[in-house]
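Enquirer: I grabbed these lines from TrEMBL:
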- A:C119, A:C124, A:C130, A:S365: [4Fe-4S] cluster 1 binding site (BINDING)
- A:C150, A:C154, A:C157: [4Fe-4S] cluster 2 binding site (BINDING)
- A:135-354: domain 'Radical SAM core' (DOMAIN)
Amino acid sequence: MALLQRGRCCGAAATTSLRRLVRGPQGRVCGRHVCSQYRASSSLPDEKKEFLQNGPDLQDFVSGAFSDKSMWAEYKGNLKRQKGERLQLPPWLKTEIPIGKNYNKLKSTLRSLNLHTVCEEARCPNIGECWGGGEYATATATIMLMGDTCTRGCRFCSVKTAKNPPPLDLNEPYNTAKAIAEWGLDYVVLTSVDRDDILDGGAEHFAKTVSHLKERNSKILVECLTPDFRGDLKAVEKVALSGLDVYAHNVETVPELQRKVRDPRANFKQSLQVLKHAKKVQPDLISKTSIMLGLGETDEQVYSTMKLLREADVDCLTLGQYMQPTKRHLKVEEYVTPDKFKHWEKVGNELGFHYTASGPLVRSSYKAGEFFLKNLVEKRKTKVI
Amino acid sequence: MSSKLFGFKSTVSHPLPIHRLQVQHSSADRVTVHFINRDGERLTAMAKEGESLLEVVVNQNLGIDGFGACEGTLACSTCHLIFEEDVFQKLDAITDEELDMLDLAYGLTDTSRLGCQVCVKKVMDGLTVQVPMEVADMRRGLEVGKQSK
């Protein structure tokens, strides 16, 4: 009640002061009466004051106190979307704000080298973690070639779209290779936007970047996350034979949801063919793909998709939670629990994938270097034994 | 002071924020548009003349899922809308670029257009458009139907 009265008084005073303003230089604006848009804390009711006093403050949020894993199992919020609602983010998907020396260093290096990363363009939640480097101290960054504008508009991706993006920078392969070699990364992921406006979809550009890079530093491990090149297998071959170590192409979702989730120019069969063909022309390659969960797929669909992928001799699989990047994109249908992700990891390992990276925040190139090296090291150990 | 200048009436005790004043003055240029969502729900919006239907959906946060992925650059078909015959005839001619993208849309009809290319005009007041169903939605509908039997 007191608040309302005070509000009215403020209002009346403001009207008066505005009138004074209009009247001219003689009329003074009385400071005391200028109505502030923001309520002073002293005008809050006592219960609110107490809540603010005893509740969480900025320190708690910044320190990560709310990412306590033991609280995940107790989360009682809704995980499956009902009609008309928008799900709230469960605690296991809350990430820390990226800060730190490594992160900042990487960011400024990228800008100075004029490199784009999909980490920034697609608003990846892991940016702080990957750029910071993990237990093997392998900082992974996913460089985006051929610009930051794609020719397709998929309903899960927030990368900029245009019908005719700016033409390719012909110096990009050389400059990118130089920059990455100088950077001293151990494992780099090269990806690109879809460029349906270019005849070969950008395959030559991609391949050149890889070969330049390997020339400068033959020890660096290169993973290429390629588009589907509209099913042009010659283009796939060009990239597969460029000297890379891991050929990745994402199927994104189960076959039943392809039409809804991806651009209509993409489909499951085409994507599977890309992966199969890469292996066919270069059998030493390691092939990799990724699926997003939480778009409305059923367990049976996920399992059968995994089987199809294994039958196509795909070596590595990553499973992650779909998160709605902007309001123009698909809503999250379900937040899959960390335990469920662990289940899929087990299934993947049982089906015989080289490795299955599965977790809510896992993305195609999430800690790709880490996983790859860890697996390689372990496999080598067993051979020795 | 003259109340006309600020839109104040002498009886009003608190000042109106400026943006509300502007809305009051331009209410005449608003066109009513109805969107029938995929689940049958009717969403009504007051559009400004000249706004594209995509802009209406995005700016007014209408609950249409995955609409306008390419931000209106004619590089997707997620803003596909189905118009009534008589309104459809009155729309501006379709360009080849729009046709290329529209051809990829699921559930294409003879009165389909892309929402990002259709701009709201005064004569469209009371317009009703249908948001087309998705493949997945149709399948799910069939499954639910089977289960309920």
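Glycine residues also receive a Cβ, built from the backbone N, Cα and C atoms like all the rest.
Where the annotation comes from TrEMBL, it is an automatic prediction and has not been curated.
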Enquirer: Across the domain 'Radical SAM core' (A:135-354), what is the average pLDDT of the model, as a whole number?
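Expert: Mean pLDDT for the domain 'Radical SAM core' (A:135-354): 92.
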Enquirer: If proximity means a C-beta under 8 angstroms from chain B, which of A:C119, A:C124, A:C130, A:S365 count? These are the binding-site residues.
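Expert: Near chain B - Cβ to Cβ under 8 Å - we find none.
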Enquirer: In angstrom units, rounded to an integer, how far apart are the Cα atoms of A:C124 ([4Fe-4S] cluster 1 binding site) and A:C157 ([4Fe-4S] cluster 2 binding site)?
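Expert: Checking the Cα atoms of A:C124 ([4Fe-4S] cluster 1 binding site) and A:C157 ([4Fe-4S] cluster 2 binding site) gives a distance of 11 Å.
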Enquirer: How big is the gap, in Å, between the Cα of A:C130 ([4Fe-4S] cluster 1 binding site) and that of A:C157 ([4Fe-4S] cluster 2 binding site), rounded to a whole number?
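Expert: Their Cα atoms are separated by 20 Å.
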Enquirer: Measuring Cα to Cα, how many angstrom lie between A:C119 ([4Fe-4S] cluster 1 binding site) and A:C157 ([4Fe-4S] cluster 2 binding site)?
Expert: 12
Enquirer: With every protein chain in view, what's the tally of Cβ atoms within 10 Å of the Cβ of A:C124 ([4Fe-4S] cluster 1 binding site), excluding that atom itself?
Expert: 23
Enquirer: Setting A:C119, A:C124, A:C130, A:S365 aside, what same-chain residues sit with their Cβ within 8 Å of the center of the Cβ atoms that define the [4Fe-4S] cluster 1 site, listed in sequence order?
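Expert: In sequence order, the nearby non-listed residues are A:T117, A:V118, A:N126, A:I127, A:W131, A:T140, A:A141, A:T142, A:R363, A:Y366.
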Enquirer: Within the chain of A:C154 ([4Fe-4S] cluster 2 binding site), which residues six or more apart in sequence place their C-beta under 8 angstroms from its C-beta?
Expert: A:E252, A:V261, A:R262, A:D263, A:A266
Enquirer: Cβ-Cβ under 8 Å from A:S365 ([4Fe-4S] cluster 1 binding site), same chain, 6 or more residues apart: which ones?
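Expert: Once residues fewer than 6 apart are set aside, A:S365 ([4Fe-4S] cluster 1 binding site) is near A:C130, A:T140, A:T142, A:V189, A:T191, A:E223, A:L225, A:A248.
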Enquirer: Tell me, how many other CB atoms lie within 10 A of the CB of A:C119 ([4Fe-4S] cluster 1 binding site), whichever protein chain they belong to?
Expert: 26
Enquirer: Which residue, of the binding-site residues A:C130, A:C150, A:C157, has its CB surrounded by the fewest other CB atoms within 10 A?
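Expert: Taking A:C130, A:C150, A:C157 as the binding-site residues, the minimal 10 Å Cβ count falls on A:C157.
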